[in-house]
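Below is one structure; the comments refer to it alone.
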Amino acid sequence: MRKFFSGEKKPFIWPAIAGVLLILFIILHEILIYKSFVVDFEGNFRTTGAGFGDIPFHLTQVSKFAFHSFSFDNPIFTGTQLNYSFAVNLLSGWLLRLTGSWSGSFNLPVMVFAASSAILVFFIYRRLLSSAISALFALVLFYFGGGWGAYGVFYEQVIGNHLGFLEFFKFLITKNISPLLKWGAVYPEQNIVWGAPLALVFLHQRSFIMGFFVFALVLWLWARDPDFKNKKTVFGAAILIGLSPLIHIYTFIILLGFLSVLCACKLFLKESVVFRNVLAVFGVSVLAALPQLYYLFSNMREGGKFFLAFRFGWMAQPTIGSVVYPVSGGWAQDFFAYLKFLWMNLGLLLPFFIISGIFLYYAGRKPFVRGKFAGKYREFVFWWLTAFAIFVLLQTVRLQPWDFDNNKLIVYFAFFCAPVIVAMFGYFYDKYKLPAGIFFGVYFFLSTVTGVLDVLPRLFVPMQNLPIIFTAEDRALAEFIRASVPEEAFILTSQTMLNPVVSLAGRPVLAGYGGWLWTEGIPSWEREEEIKRFYSDPQANNYMLKKYGIGFVLLDSQAVNEWHASRQQFDALYTKIFSTERSVLYKIDK
């Protein structure tokens, strides 16, 4: 195995192997993304279990931009503006308008961004680690590194139910199970809400995928010109960062944090010229982003309470999947319960991040150790400090209403941790060879097994076993609406997550799925109650028709089964113009 930091000329075989494995990883990633949104042979739309909530949400924006006049109106809550980073869905909407292909327009952009990101990450890591194999190890640790979620599933099925390896593998595929989600544990167990970045954010989190591509592109520019001496680098990085808020707000936050740590390091090292260059990138980026920031944050205030808040501890406050505390315990028990939560969810990442920091401190005091880094010691310290800053941000600031959604920060934390940890193992491998290699192998396996175990079912599950989110009949209803219902006409619907009116026809709704509205901080309770009352008794609540300018009503299974709407009453009051097995569209006669 080639050394990690040696400057001597290396044989071609290791870079070639790394390149082949990188290509295989990209192919795997593309297959997984494709399975996140599939149009089957019968015309049904399918997705994975993990994408069941995200994909219909993104379709609301894609169809809005494809089939509706351009505006910043929020399709899932009429009367508000979009406050979600929507650039990737705008791109897919335009492609859908041009091509008419749902699968191609929805999947192609994120597949391109994902593949490009993996290539950029590999070359960024390769430049830092001076080794293609080391870069590949770091890349796999980043994408597949997770906590201990797999071990609970393994223990329950293999040890508890005595399944063999092949039986366990078949169980994973047939059940389409994720080893990550265990919400509702009883103390002293802890909820498992975090897994490997690949399955968590790089498959159906479309805005994140595009945002991470922008992030990787900026870091690649910086890797080529670390001092920002070239004006083209300064301009290119600043424009990319300045455009990032509408691509993904976390990208903008992380890149500003990256520049802030870089500024602080250059100021500490008294590199005044580089400090001014970095400050210029920071300033131009903020100026370019100001209009987008004003738009996003003003809409957050208009849409509801301003949910940005300081708090101590990610998922420490009660919410879905949060830390499980003892019923009657003091601060010490609560503290150790939280540490166990981090241990269960982040696995070996956090302790080895701390160990790598101690190692870097030791390396700084021992010149013979620093020499092994081939002049890159300061770069590794900078990467470690950036990871530390991100972790502090994660633990102190809530950026979204549901604290779990702040897990994007952990992805960037893992990105900066991975090469530093690999570099530390590389140093010890140069000195101790076999023992260090074995220790790294054990660490690598324990860190990635949850991520691998989560990906396998997604990879091998047959298409016909993927859940259907929209049927061919739903698509026919959407096509009828686009062709026969005027664009300015308003359609009242229930709040089902699988709503063809907003997700396929591109028409806005009075109030969409409650979970989406909550995560955007939209106060929707009053409007939701009005909708429920109307469906339960449309005649007694017909004031809504005039109040909201409603010209059509869709009666679906949620309205009938949950809100006790009467099909006979709607048939008597309104004119039925289209029906499917699951829903009926009525026209309101003036």
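Keep in mind that glycine also has a Cβ here, set from the backbone N, Cα and C atoms.
TrEMBL does not curate its annotations; it predicts them automatically.
Taken verbatim from TrEMBL:
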TRANSMEM  12-34  transmembrane segment
TRANSMEM  106-125  transmembrane segment
TRANSMEM  132-154  transmembrane segment
TRANSMEM  203-222  transmembrane segment
TRANSMEM  234-262  transmembrane segment
TRANSMEM  274-296  transmembrane segment
TRANSMEM  308-329  transmembrane segment
TRANSMEM  341-364  transmembrane segment
TRANSMEM  380-397  transmembrane segment
TRANSMEM  409-429  transmembrane segment
TRANSMEM  436-456  transmembrane segment
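Taking Cβ pairs closer than 8 Å, the transmembrane segment (436-456) reaches residues 1, 28, 32, 137, 140-141, 143-151, 153-154, 169, 172-173, 178-180, 195-199, 347-349, 352, 425, 428-429 in its own chain, all 6 or more past its ends. Same-chain neighbours of the transmembrane segment (341-364): 145-149, 190-194, 315, 323-324, 370, 372-373, 377, 380-381, 384, 387-388, 391, 410, 413-414, 417, 420-421, 423-424, 427, 443, 446-447, 450, counting only residues six or more beyond its ends whose CB sits under 8 Å from a CB of the stretch. Counted as Cβ pairs under 8 Å, contacts with the transmembrane segment (308-329) are highest for 380-397 among 12-34, 106-125, 274-296, 380-397. Counting residues 6+ beyond its ends, the transmembrane segment (234-262) has Cβ neighbours under 8 Å at 85-88, 207-208, 210-212, 214-215, 217-219, 221-222, 228, 277-278, 280-282, 284-289, 292-293, 296, 382, 385-386, 389-390, 393, 399, 408-409, 412 in the same chain. Against the transmembrane segment (12-34), stretch 106-125 has more CB pairs under 8 A than any other of 106-125, 132-154, 203-222, 409-429. Away from its own ends, the transmembrane segment (409-429) comes close to residues 1, 3-5, 121, 125, 128-129, 131, 134-135, 137-139, 141-142, 145, 194, 197, 200-201, 208, 212, 215, 250, 254, 314, 346, 349, 352-353, 355-356, 359-360, 363, 369, 372-373, 380, 383-384, 386-387, 390-391, 393-394, 399, 436-437, 439-440, 443 of its chain (Cβ-Cβ under 8 Å, at least six residues beyond either end).
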